[in-house]
């Protein structure tokens, strides 16, 4: 008799995705981050659901409702800190996942890659709106500054900003709609994840060598299920350590002060995972130019497949490209650091230099280096 997992209409979909799925035998730990992102999404939806049961999206009570969750709700502090730090773990895994794709040439699966970029934008939007909900100082001023960027759009900018705000400033209407969208978006993200996996399973996984692995495949279960479980344990241990020992490490102290539209914080900045893009935004003195650079800093990923000039897919055997890749990583760390610093000398010039380098490496240096490597292959 045929196994039920191969005949049942629902189980056979799960079977072909997670059990009998043929996978390359050479996948390294860098291929763990997809499943880790799935766990992060699950943790965020669960903790968020329970937080939403106690949260009130009203400017008069939002801050107090968060305080109530932390002080009066059973294990409310744990839910709150798991959700806040879970977002940080989510972005750590996201950036490592994208970095893996860039290093090993996974962007050549263009459908999967483009859905991934959409996912990145959706998760960033979700995180931004979530940061506004506690209605602390940085929530309010962060929302004001970032939404105000849309006013740089010619002709419709001002109307668009007021439409998003629901008035002439960030107020009750803004908070209510941000809560509604923050609740809705993770489910849209979940749907996009399914599409992402659908396209991935059409082509099969890439592997570290970048060459087709059709002759050497192994079943996903038990090999990669066990490997993923180890990844879960490592990540959840890291998250638990962060939450239980240093829960405010990645947060901003200003957000423990209730929002006050009469007092501007000395330095308005977003959460750490947006600082690289924020630094690029600030490095351009023109408002519209800054907004375009901000959007392009992420959207540039969409043209990476077009810029692939190498005869080899992966960077595994391309030492010159490897050097450039790690230079790009160093530039991103520099931008993240600069984004958290005040706008003064020498941070301004460092930020501008790093921003130019970021675009220069991706748009020119990497394709040119690939052509040089192609030439060296002839020797």
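Glycine residues also receive a Cβ, built from the backbone N, Cα and C atoms like all the rest.
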Stated Swiss-Prot location of transmembrane segment, expressed as one of 136-156, 157-177, 178-198:
178-198
Which of these ranges is annotated transmembrane segment in Swiss-Prot: 55-76, 77-98?
77-98
Scan 8-28, 113-133 against Swiss-Prot and say which stretch is down as transmembrane segment.
113-133
By Cβ distance under 8 Å, which residues at least 6 away from the ends of the transmembrane segment (77-98) in the same chain are close to it?
30, 33-34, 36-37, 40-41, 43-44, 47-48, 50-51, 66, 69-71, 116, 120, 123, 127, 130, 235, 238-239, 242-243, 247, 250-251, 271-273, 301
Count the other Cβ atoms sitting within 10 Å of the Cβ of residue 182 (heme b b562 binding site), across every protein chain shown.
21
With Cβ-Cβ distances below 8 Å as the criterion, list the same-chain residues six or more beyond the ends of the transmembrane segment (226-246) that contact it, or say none.
29, 32-33, 35-36, 39-40, 43, 78, 81-82, 85-86, 88-89, 93
Can the transmembrane segment (178-198) be said to touch the transmembrane segment (320-340) if we require at least 3 CB pairs below 8 Å and skip pairs under 6 apart in sequence?
no
